[in-house]
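Peer 1: One structure coming up, written as structure tokens, with questions to follow.
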Amino acid sequence: MDKYALLQRAKLHLDFIHANSTTHSFLFGALAELLDNARDAGAVRLDVFSVDNETLQGGFMLCFLDDGCGMSPDEASDVIYFGTSKKRLSTLKFIGQYGNGLKSGSMRIGKDCILFTKKEETMTCLFFSQTFCEKEGLTEVVVPIPSWLTRTRESITDDPQKFFTELSIIFKYSPFKTEAELMQQFDMIYGRCGTLLIIYNLKLLLSGEPELDVTTDKEDILMAEAPEEIPERRSFRAYTAVLYFEPRMKIFIQAKRVQTKHLCYSLYKPRKYQYTTSSFKGKFKTEVQKAEEAVKRAELLFKEVQAKVNQPDRIALSSTQDALQKALQDVDTKHKSLRQKQRALRKARTLSLFFGVNTEDQHQAGMFIYSNNRLIKMYEKVGPQLKMKSLLGAGIIGIVNIPLETMEPSHNKQEFLNVQEYNHLLKVMGQYLIQYCKDIGISNRNLTLFWDEFKYQHSKDTDSSLESLQWRRRQAMGIPFILQCDLCLKWRVLPSSSNYQEKGLPDLWICASNPNNLENSCNQIERLPSIPLGTVNRRPPSKDERERQLQESVQRYQDKLVEAQPQKSQLIVTSKIPEFKSSCLSSALKEKSKLGRIQPSGADLTQGSPSSVKLSFMQRSQKRSTEDTHSDVEFICMTKIPKKSVKKTVKYLQPGHAPALLENLKLEDTAQVSSREIKKQQSESLVQAGKASTDVASSRDPTVTMVWDQSSTKVSLKQEEEEEVPLIKPDKQELCDDTPVVKGNSSALHWKSLPGVQMEDLSPRSGHKINSVSGDCQLPASPMPSQSMSVEETARKLLSNLREILLYFVPEFQLSSEFECTSVEELITNPELERCPENINEKLKTCFNQIQNIYMAQYEKRLKRKMQSIVYEANRRGLLNQVFLGQCELKRKRTEEKLSDLRAKLALLLQKLQLGGPAGDPQQIDAYLEDLLKEDRLPTALHEKSPESA
């Protein structure tokens, strides 16, 4: 680094102290930074209290005292550096990561602070003062750090002059004017280790009052001029109660214990949802980039060393070979680390989302976002809570604890660095909020009834007689009452029969005070209530959504038609349609038969009286195989006709026309014609058929009929037609018939697609003439709309199976770049997959090919390795069991030998005591001893034997 000795270096200016503190827009967030330091230090107890001192700005000092691990003089010296922290390198999950919380948090509250810490046999004082630097005219930050020995109270210094200067600065600019007063502050740390932080010269409001109010409530620290709607934004006691996801530290504010909340178990009807995603990759991407840079540096270093070794004029030394070997090992290590980080990047992660109802106040609702057990955001509105007039989601609290590696918080721990990922999380939680409301049965209809049960919570004139009622209702609702032990810090569930609510919660509570005998000892494990899992069912689309999807599908299809052939729709004025000759109509039929379609001919649509319109239906012979039964539907849009002049009858083909028609139908329908010619011929023939299909005598005004050709095989018009029919109301308007022309023997006339034809008009009793159809032409049963529903259900199941397959494979394997999706979440949640599957058929084919050729092959290899490891482990355990069995057998034999020797010695003893000698059989010896003990002869014999021996 000597080559950079002459270069300029950045310096920390005094003004940065104030600028750094302004990152805390929320004042309690600055206080929380100091609580985080105590928690990271392993403190069991933390006291936050104020000490009055009228000589100081603000009128009091704010003190933080904990019993954590404390700091040595060297560790205290590291505190003054900005942006460095050993916590980041630790394997433990510390809240602090940036090395900035103490400086930014304390300087946000006041201008000066002094820190006293004890660790092992040393005591250290750290004086961090803006007032001192400003009055001395310093532009840099100067921090005195004197130290003493704990037992002798002697200074730890190699330079007495430096120690004297540090003390003189502290005596002049701190509230403590002598060394004895400094020692008194060390004595406040009641253990062998701990830390005391004192902040003074507090910052003021424009009114001249301090930002923190310690006079209004003697047992709390309030934020001055803060709104009172949300207690956590005004009361520091209420804020610290929910500050940590899993509270493991006793907090005392103004000498009174804070009743911390395990928020997940303090709500009504809690539910837990498992959200699996691979979208949150912010920090993992950074780690992969760092690992890639490390690999590049290691490879570059290896090449440099290798180049030195391979020089022809250089003698190979052992040191050079060792350096080359170390460089190679470093490259392998860096590659291994890179592969691990890449696997971590691809791995899907599961977040536990908790939801419950806050019955105390329905206006206190929103999401609590924790990061590494520390509260970052609270009461974040999501989903229906964002709507001003919506009551759905009122009073519902959502909770999520995000690991540090999944989503990284900002330096002030009040925001998240990746705003896009955070907004995505809020969107997901809004979706789960709606699902939670469904799971517990809350909807817009019964919200009023639901909250009427908790009106007693909002009554301001509640008397004491209702307090017990509140408690009983709270227990009846199933909200568990849990307390934290002051010794082991475990949470215990109290039975409903306990009367702590009526007497008030004690400041000191231990497990031995628990009425539950199963959890009245600190040695017993912590048993928290189980939170039921919520259900995430795929909800069926509503009627409005189905209509919207249908309209979008029709619009997409029409856009395709316009792109393929702009002149696709024609307006036909029926009053100006001339009559066609039979030859023209037969030629039109011949063209349609070549294309494989059947349309009504104008010759069969004969003119009748003005009060009747004759319809003709034709059906192909059942000579086609089932492979060619795909039906294409062509229809004429319904035309509005006056009700008085319209009367419908049904008449089939006349026998004279049937043979000619059947001959035309026998033509080969698979001729290869270009798509444009097919569409043109279809359009012309359809227009001709439409011109001959309508003739209304009594209608003077011209009637406009719009003809559409829907011959695309990508969109199932049969489903769209069946979904559109129920939307037409026959009682409001009279419409002409939809005339579907169907090819193939699997299709038939949709009676429900003829809203103008009454079913009784088609019966023989109605007076209409119905002729039979000769040959194989018959009228099959009408397919029901359930067919389209079954198709939709089948498609839904297929998509569901595809999602399951992708979610199974993709977390471990790469997603192909052909999908144009960065993650599997974007692919499986793509709405185009459901609304327009025809546009991504190629992608689906690629997906299935990749699953079959790549994923399954890799899966089989992994499964084979896993089975081999299982077989190896089973064989190894079998050998171990055999060895263990042999050892047990040897022990058994030794035990039997010892037992036989003992029985023999016992038989000799009984003979000496003249109590008889049992036989050598072990069972007989045991039986003889039992009889001897029952007769009480043994004590008597021993008593008689003792005088004789004496």
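Using N, Cα and C of the backbone, Cβ positions are placed for all residues, glycine too.
Not my notes, these are from Swiss-Prot:
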- C485, C488, C511, C522: Zn(2+) binding site (BINDING)
- 281-342: coiled coil (COILED)
- 885-916: coiled coil (COILED)
- 541-550: compositional bias 'Basic and acidic residues' (COMPBIAS)
- 532-551: region 'Disordered' (REGION)
- 679-700: region 'Disordered' (REGION)
- 465-530: zinc finger (ZN_FING)
Peer 1: What are the other residues, in sequence order, whose C-beta lies within 8 angstroms of the center of the C-beta atoms of C485, C488, C511, C522 at the Zn(2+) site?
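Peer 2: Residues close to the Zn(2+) site, other than C485, C488, C511, C522: D486, L487, L489, K490, R492, I510, A512, S521.
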Peer 1: Inside 10 Å of the Cβ of C511 (Zn(2+) binding site), count up the other Cβ atoms and send me the figure.
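Peer 2: For C511 (Zn(2+) binding site), the 10 Å Cβ neighbour count is 21.
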Peer 1: For C488 (Zn(2+) binding site), which residues in the same chain are close in space, meaning a Cβ under 8 Å from its Cβ, but six or more apart along the sequence?
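Peer 2: The list for C488 (Zn(2+) binding site) reads C511, C522, given in order along the sequence.
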Peer 1: If one looks at the chain holding C485 (Zn(2+) binding site), which residues at least 6 apart in sequence have a CB under 8 angstroms from its CB?
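Peer 2: The answer is W491, R492, W509, I510, C511, C522.
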